[in-house]
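Below: one structure, written as structure tokens.
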């Protein structure tokens, strides 16, 4: 088979025009083309056909030093990357090349980053809770297998630690794998995350096959083409884990889904498309849908995604976050105010929510306890102005009791993490759902009104709180 060869005729930023002559066929849309710049392989992706013999492409790598006239080869297929267990413990870029300096990824399985979503007949309609072992999430905003969770939080409130604990707990409780896609990541953040994963044992350098995570990075300094496609590369690896060995439960993290949209907007502008509202690409909903619809459960396995979402100027009506909201099953909001109290994980129990917190799915007891906990916390929140101005003495006896219980609940929502053992010195706790419900049920019913507040801080189950209370006496 003769290779389809063209030549670069124009380079504008990250957009390249390639002309194919000598009766060669034009590459299909989304095909990957290859060219070499000082022995460095550069991958281009076909975005548009211009006339009879020219294609307009988006570059997946830096264009520095590339000139007109360079030969370009059509690979005959979209971008293909290595998938499977060989990717565990490794970092790769959008086109599947390793960027961790540990040699090639020797995988026999190579897969295209573009795939259709599973057929409706193959998708699972069951809504099962994915138990994370983290009390505040399991009780108040439970995750569902194959669901999509939005993780909202600013800098320094514990997003990374929460992500690493989820990776650790899901691997332990469900034996599943994790894929982390860094979309428009700061290089420093990506590097820190990698080393923290090594320190906490999520990545095992000595025996990479025992690692629990594969990483795909499209960093902030990469061209927009790479940042717009790296989430699809990560998702392709996640799909391979889901479908192997008759099904696995896979966790898929995207940080940050806003930067995926932002990169798509840059690509759209470079291709000369007329922008829509607020300057975003006209295909915003389509781009988001193509990614989100592939994140789903089949009859064999599931992909549960946790997506960090940046909200520009705190405007939830901005088209980028508003488009992603339509796809989410649960939101986990991290609060700086709660982090300042020293309560970790700093999940806001009143702002976080989940579609599966429904008596038909989680059961009547779980739903009832969760709503009672939120009611106590909401009452405490509304009383805080009175407490600040007049003090506790001005409250009725009933309100005083509510405040005491709310403060205990707040502290009981904290929990020591396995991945934080290195810097807290406290052993991490995985709490089963039944223990979580029983503990909070006892708290709202007043069974533990005689125990001091401090007994509930940074413990796992209610039994540990009772033991801690004995040592405090």
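Easy rule for this one: first residue shown is 1, then count along the chain.
Positions of Cβ are set from backbone N, Cα and C atoms, glycine also.
The ATP binding site annotation in Swiss-Prot covers 153, 154, 155, 156, 157, 158, 159, 160.
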Protein Cβ atoms within 10 Å of residue 158 (ATP binding site), excluding its own:
20
For residue 153 (ATP binding site), which residues in the same chain are close in space, meaning a Cβ under 8 Å from its Cβ, but six or more apart along the sequence?
159, 308, 333, 334, 346
ATP site shell beyond 153, 154, 155, 156, 157, 158, 159, 160, criterion: Cβ within 8 Å of Cβ centroid:
334, 339, 346
So how many other Cβ atoms are close to residue 155 (ATP binding site), meaning within 10 Å of its Cβ?
7
According to DSSP, which of helix, strand or coil covers residue 160 (ATP binding site)?
helix
Please report the number of other Cβ atoms within 10 Å of the Cβ of residue 157 (ATP binding site).
23
For residue 156 (ATP binding site), just count the other CB atoms lying within 10 A of its CB, please.
11
Where does residue 153 (ATP binding site) sit in the DSSP three-state scheme?
coil
